[in-house]
Amino acid sequence: MSVVESHDIEFAAPRISEASVADYIALLKPRVMSLVIFTALVGLLLAPGYIHPVLAFTSILCIAVGAGASGALNMWYEDDIDAKMTRTANRPIPRGRVSKPEALTFGLVLSFFSVVTLGILVNWFAAALLAFTIFFYVVIYTIWLKRWTAQNIVIGGAAGALPPVVAWAAAAGSLSVEPMLLFAIIFFWTPPHFWALALFRAGDYANAGVPMLPVTAGPDATRLSILLYTIVLVAVAFAPWPLGYFDAIYGITSLALGGWMLLLTLRVYRLRHGSAALRASRSLFKFSILYLFALFAVLLLEVIVRGVIGALA
């Protein structure tokens, strides 16, 4: 019988996660989440009827958590892409601060929590829409479309357009024309917004093997597509006013914002080379964020004005 010395045995120490709270917050894509929360809030407040403030808060919280879960699962699947892109190389997974299994578990737990909580406390119709939104973003867009087609952001944009629809369903228990209009505005806003980004980040996307439109069709075709989608966006965003769904404050603001965005888009279309072209794309990308926030802020203002008028009547 032999004696085994203690130094002959190597014990593998369990891996201790180096992730901080900030790393897990980064997995949620907080900047994207802020836009989701705001558009969802507008959808919820525009919905007819009354929803208890606690249930309203719960609805927005669940939608926000669901959006964050989608972001975490997106980063889990795209760690190889993120590592190759300057814009995303410092994210928690490529930097080794969060492991892929940790990100996957985090995303799945948050997805389950957000859907089940919304279903139990608010209604299962809204919960089903939230589950579909998460599925569409993670499976249809992230896993399938993004690496396969240059139209990834066009089709995948539906996921980003659904939060106000989910919020409306949470408040009203059903859907009508208005949430579909909100969906259409965000849906047609998404391609010019992301293609403007892709124009000045084309090298990043090419290095990562992502078939964004500037990589597959070239910058000139992308500029034309941005122009065409912006024209459609301006028309779709304005339409609710003459159709009688939103009021004059919204309609006039929509025209002003749309006109400015169209001017910036024409500038992108005209400037084809050099630093001026890159600056034009950056300006359009930045303004497009302001455009959507401002448009939905005016809708929120209309809700407040209607409430004040109703209280005084």
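Heads up, the Cβ atoms here are built off N, Cα and C, so glycines get one too.
Some features that Swiss-Prot has for this protein:
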- 35-55: transmembrane segment (TRANSMEM)
- 56-76: transmembrane segment (TRANSMEM)
- 98-118: transmembrane segment (TRANSMEM)
- 120-140: transmembrane segment (TRANSMEM)
- 153-173: transmembrane segment (TRANSMEM)
- 180-200: transmembrane segment (TRANSMEM)
- 226-246: transmembrane segment (TRANSMEM)
- 248-268: transmembrane segment (TRANSMEM)
- 285-305: transmembrane segment (TRANSMEM)
Same-chain residue ranges lying at least 6 outside the transmembrane segment (35-55) that approach it to Cβ under 8 Å: 63-64, 67, 121-122, 160, 163-168, 170-172, 178-179, 182, 186, 289, 292-293, 296-297, 299-300, 303
Considering the transmembrane segment (248-268), which listed stretch of 56-76, 98-118, 120-140, 153-173, 180-200 counts the most C-beta pairs under 8 Å: 180-200
Contact between the transmembrane segment (153-173) and the transmembrane segment (56-76) (3 or more Cβ pairs under 8 Å, separation 6+): yes
Surrounding residues of the transmembrane segment (98-118) on its own chain - C-beta under 8 Å, 6+ positions past either end: 15, 17, 19, 23-24, 27, 58-59, 62-63, 65-66, 68-73, 75-76, 79, 92, 126-127, 130-131, 134, 138, 170
Residue numbers, six or more beyond the limits of the transmembrane segment (56-76), whose CB comes under 8 Å of its CB atoms: 27-30, 32-33, 36-37, 40-41, 44, 82, 91-93, 100, 103-104, 106-111, 113-115, 117-118, 121-122, 126-127, 130, 133-134, 137-138, 142, 159, 163, 166-167, 170-171
